[in-house]
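A quick write-up on the structure given underneath.
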């Protein structure tokens, strides 16, 4: 049996989440695995607390005066008078001793300090009212319609509200403004220095910790090069390992120059003063960064630039002929960018570090990203790389493969398989750029730092692995019939519909829960002020957008036939990626939403695949 400090049924004082205030609660149970106490407030609200957030009631009881010149009743009478708003004078004919007078002044001083602490409690938290229930993810009813609660985010901003009220009602002594009075377990009040923000280190390491991230730094580039070499072979079976090329053939200065030209061209498009400017989600400091939404305009300008090159008869299949060298150039650039990002992050303020990349271990922080939002002026490096060079470059590579197929096989029109792959993936990229604002709420932007993982993923993995089907079809043409093509198209449309409608439903609800169009949606309020949808797609499975993504990934691979498993690497990898990401989401959501998330999981038991997983 684990050593627990508080027993079931014991009445203790529990700290309110996100504040320094304590309330009287009763211990109802203890989780041996998570080491959390479930406590119950007087109004019935239940909350899971750590042992460090619970104190015994005796810790908050004031010590009696040590004066021996007055009786307990006299001291009690004096204390009760000092706590009144206008204490009455002593009766005539009665004199106070010097010790009684001093005791009265001391009690009065304590009373002033107690009042300054009690006032924020009354203003901020009223356990008998509904705001306490919303704060803990305990609504009056399990579900609410979107119209019954206008927006929880506007009404509940705990951290900012606590800060505002604590500034308004000072906790400082009236004699000495440089000292603060706080509760202590052994003494009623102790004078301390102003509280400084404690550095928060990443304690839970993901991706296999230091060893796992080190192996991924080596294996990710090796996997990309292996896949590209396999596609070049006549027999791309798994048992037919490709011969290794000469090292000097992997590097070409001209190819690297073309890659740099493409990267900086996209940077110029990003800086153009076109498109709206929006705010991202609040950072830990409460500040919101601004982002310019012009990815779709960048795509149009890129398409125009490619059209000009084709008009002047530039051989775009040059990409196919030097595909491996382009991949090596992109990998070298992403490695150099990752080193720069880590070095600059060492000077970044504590509040600008990524919550998941501040472990103190070089390899782990280098891989996951040490700084959350590295910027050069207003140029956001992570946000730029997320959708611009790699994602738009993916479409350009697919077009180059289409032209290479026509040239190599002397075709007047591309094959039906190549048309399907290009069309499906073009739709996906255009959709992402058209709905660019939605990326601001993703884990990549809000939680993950910008390090090797995202730099390599955005600049190498996305353009060179996601285009694997088109690259495969150039050397291994596959013929499909029109009925098969129609069936694959229907499958892709189903996946796209689930993907887009689920994301739109979530984004619209986050933006404006009071929208009349969302009146039929029900949700569970949470401690953060946000709601967890339990109807629509999000009441079907917990991650319906992942389900749509996987269906589309399968549709992209089917045009390549069934002769080899190589073109299905993408869908296999994508399932593994999304299952792992879903597990990360589950962990973060459980920490963030607490009991509300557990209730949501009971209501929506399936994670991605209905009735399966």
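Including glycine, each Cβ sits where the backbone N, Cα and C put it.
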### Query
Of 249-272, 345-368, 369-392, 393-416, which span is tagged transmembrane segment by TrEMBL?
249-272
### Task
State the residue range annotated as transmembrane segment by TrEMBL; the candidates are 421-440, 561-580.
561-580
### Candidate ranges 293-312, 593-612 [criterion: TrEMBL lists as transmembrane segment]
293-312
### Summary
Counting Cβ pairs closer than 8 Å to the transmembrane segment (324-343), the top stretch among 207-229, 249-272, 293-312, 480-499, 561-580 is 249-272
### Summary
Across the domain 'Tudor' (4-62), DSSP yields 7 helix, 26 strand, 26 coil
### Message
Mean pLDDT across the domain 'Tudor' (4-62), rounded to an integer, is what?
### Response
80
### Query
Which sequence positions outside the transmembrane segment (480-499), separated from its termini by at least 6 residues, show Cβ-Cβ distances below 8 Å to it?
416-417, 420, 424, 427-428, 431, 537, 544-545, 547-556, 558-559, 561
### Query
Hey, which bits of the same chain come close to the transmembrane segment (293-312), Cβ under 8 Å, at least six residues off its ends?
265-266, 269-270, 272, 274-278, 387-388, 392, 395-396, 399, 429-430, 432-434, 436-437
